[in-house]
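S.K.: One structure coming up, written as structure tokens, with questions to follow.
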Amino acid sequence: MDWGTLQSILGGVNKHSTSIGKIWLTVLFIFRIMILVVAAKEVWGDEQADFVCNTLQPGCKNVCYDHHFPISHIRLWALQLIMVSTPALLVAMHVAYRRHEKKRKFMKGEIKNEFKDIEEIKTQKVRIEGSLWWTYTTSIFFRVIFEAVFMYVFYIMYNGFFMQRLVKCNAWPCPNTVDCFISRPTEKTVFTVFMISVSGICILLNITELCYLFVRYCSGKSKRPV
């Protein structure tokens, strides 16, 4: 699945999201997906080629690079974006199911007074209520979990969010502890901190949306007649 397909799917979900959910989707596309596609390759395009170690031992440089960068930053961020966006597919499938049921009832004549034609059913905004409320809320909950897990994995895997200029490596087949130098560490640190910060903003937006949904759910229950 390419980014265009993902955008079209999430764009469909966006029609039925809350205002906070629409802000989250905007942040996701502009500050994460577009930045990753446009700028990340320029920053990390030289990561292995310009990873220099002060040894001529065959294989030492590759082993040291694999030790300090087991997964490329770009691939990890791409995987994070895919995992974070996946829960929205649950909402998209649920909305599609609801529309299918309405079309079926319309064709049988059960709800002909509610809609003029099938096209109106297709364009109608689906309200977040009933079982769809639970699906939508669950998708946001998993988004928060995935964001937090990936931030933790990133921190553990790379020993923090700041790129070091020099790293030491004594893995086999290196003859001794060798010094290895990372290309453009400051630029990569700035980019990493930016991506992590945006990820944190997305978590805050998701938590805010969860609170909003629960408050609206509770206020709706309190208004029901006893």
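Using N, Cα and C of the backbone, Cβ positions are placed for all residues, glycine too.
Relevant sequence annotations retrieved from Swiss-Prot are reproduced here:
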BINDING   Glu42, Gly45, Glu47  Ca(2+) binding site
DISULFID  Cys53-Cys180  disulfide bond
DISULFID  Cys60-Cys174  disulfide bond
DISULFID  Cys64-Cys169  disulfide bond
INTRAMEM  2-13  intramembrane segment
TOPO_DOM  14-20  topological domain 'Cytoplasmic'
TOPO_DOM  41-73  topological domain 'Extracellular'
TOPO_DOM  95-135  topological domain 'Cytoplasmic'
TOPO_DOM  157-189  topological domain 'Extracellular'
TOPO_DOM  211-226  topological domain 'Cytoplasmic'
TRANSMEM  21-40  transmembrane segment
TRANSMEM  74-94  transmembrane segment
TRANSMEM  136-156  transmembrane segment
TRANSMEM  190-210  transmembrane segment
S.K.: At a 10 Å cut-off from the C-beta of Gly45 (Ca(2+) binding site), count the other C-beta atoms across all protein chains.
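M.R.: Counting Cβ neighbours of Gly45 (Ca(2+) binding site) within 10 Å gives 12.
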S.K.: Sort out the sequence-distant neighbours of Cys180 (disulfide bond) for me: same chain, 6+ apart, CB within less than 8 Å of its CB, listed by position.
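M.R.: When sequence neighbours closer than 6 are ignored, Cys180 (disulfide bond) has Phe51, Val52, Cys53, Asn54, Lys61, Cys64, Tyr65, His68, Leu166, Val167, Lys168, Cys169 within Cβ distance under 8 Å.
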S.K.: Near the topological domain 'Extracellular' (41-73), which residues from the same chain, at least 6 beyond its ends, have a CB less than 8 A from one of its CBs?
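M.R.: Non-local partners: 157-158, 167, 169, 171-175, 178-184, 187-188, 191-192.
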S.K.: If one measures from the C-alpha of Cys60 (disulfide bond) to the C-alpha of Glu42 (Ca(2+) binding site), what distance in angstrom results, rounded to a whole number?
M.R.: 26
S.K.: What residues elsewhere in the chain lie close to the topological domain 'Extracellular' (157-189), defined as a C-beta under 8 angstroms and at least 6 residues from its ends?
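M.R.: Distal contacts: 43-44, 46-47, 50-55, 57-61, 63-65, 67-71, 73, 76, 196.
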S.K.: If you run the three-state DSSP split on Cys64 (disulfide bond), which class comes out?
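M.R.: Where Cys64 (disulfide bond) sits, the three-state DSSP reduction gives helix.
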S.K.: Mind giving me a neighbour count for Cys174 (disulfide bond)? Other Cβ atoms within 10 Å of its Cβ, every protein chain shown.
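M.R.: Step by step: centre on the Cβ of Cys174 (disulfide bond), count other Cβ atoms within 10 Å, giving 19.
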S.K.: Counting other Cβ atoms within 10 Å of each residue's Cβ, which of the binding-site residues Glu42, Glu47 comes out lowest?
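M.R.: Each of the binding-site residues Glu42, Glu47 was scored by Cβ atoms within 10 Å; lowest is Glu42.
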S.K.: How about long-range neighbours of the topological domain 'Cytoplasmic' (14-20): same chain, 6 or more residues beyond its ends, C-beta under 8 Å?
M.R.: 91, 95, 125-126, 128, 205, 208-209, 212-213
